[in-house]
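Peer 1: Quick one: structure below, then a few questions.
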Amino acid sequence: MKNTARSPKPYASPPKEKRPAYDAGRFRRGDAVVLVIYGLLMGLGLAGLLLLVPAYADYFASENHAMFSVNLISYVVLFCAVMVVAGPHLFRTFGTFVRNPWAKFGLIPGLWLASFLTTAGILAASGLDPTKSENQLTIEAMTRDVPFVTMFVTAAVMGPLVEEYVFRHLLIGKMSRKVPVWICVVVSVIAFAALHFVGAGTFDWISAVPYLVLGTAFSLAYVFTGMSLAYVYVLHFFNNAVSLVLAYSFGPLMGI
């Protein structure tokens, strides 16, 4: 008589936890509205027309105050528009920090340091004297007159969200539904760097290196976290916050 008893099956290992993936969705009317506003305010500098109004410019104590007010108005408008259109998606993508939170939080200063060292290495290898972009010089000039808290809210809280929405959420998250994701990454990096030279009238590739490196770091972080808008926003926030703290702390000592 044959033994019909079945041997026990080996213990099946539990399925691996999948990395969160956040679908940016289709390009919608709200995205188009924000993109148009962004193009008008940041691309064409429409808000800068306020500086041509004598009564407006004379209201401020200095030219730096007046210029900063234009940036502040632009970012307040854009920040509110982005929150209306993509706020729920942003909050949902904070879920990326639930899985391996220590690793993901730890990578933020790590990526910042890696970007800094990469930029320094490229500039050193080029053998050319590093130069600052017009955008960087303008920001440094503003730090001499604008209070830290006001600058922090504008450049570290509102600015990064607006830029990550445009250059990562739209140009990678949404465009990758039709175009290969790595082509979208290249477009995003180039567009992000180009933004910081709009209105300058000049372009120097040495000045563009920091923006190209940062754009690459932000784009890769966005892709490898499952297209988490929240993660890349926090990373961008950290970068700008550190830069502002250093500028306000050591800028006066260095004569900036």
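Glycine is treated like the rest: Cβ placed from N, Cα and C.
Pasting the relevant annotations from TrEMBL:
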type	residues	note
REGION	1-22	region 'Disordered'
TRANSMEM	32-52	transmembrane segment
TRANSMEM	72-91	transmembrane segment
TRANSMEM	103-128	transmembrane segment
DOMAIN	148-242	domain 'CAAX prenyl protease 2/Lysostaphin resistance protein A-like'
TRANSMEM	148-167	transmembrane segment
TRANSMEM	179-199	transmembrane segment
TRANSMEM	205-224	transmembrane segment
TRANSMEM	231-250	transmembrane segment
Peer 1: Would you say the transmembrane segment (148-167) and the transmembrane segment (72-91) are touching, if the rule is that at least three C-beta pairs must lie under 8 angstroms and be 6 or more residues apart?
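Peer 2: Between the transmembrane segment (72-91) and the transmembrane segment (148-167), contact is present.
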Peer 1: Within the domain 'CAAX prenyl protease 2/Lysostaphin resistance protein A-like' (148-242), how many residues are helix, strand or coil going by DSSP?
Peer 2: 79 helix, 0 strand, 16 coil
Peer 1: Return the average pLDDT for the domain 'CAAX prenyl protease 2/Lysostaphin resistance protein A-like' (148-242) as a whole number.
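Peer 2: Mean per-residue confidence for the domain 'CAAX prenyl protease 2/Lysostaphin resistance protein A-like' (148-242): 92 out of 100.
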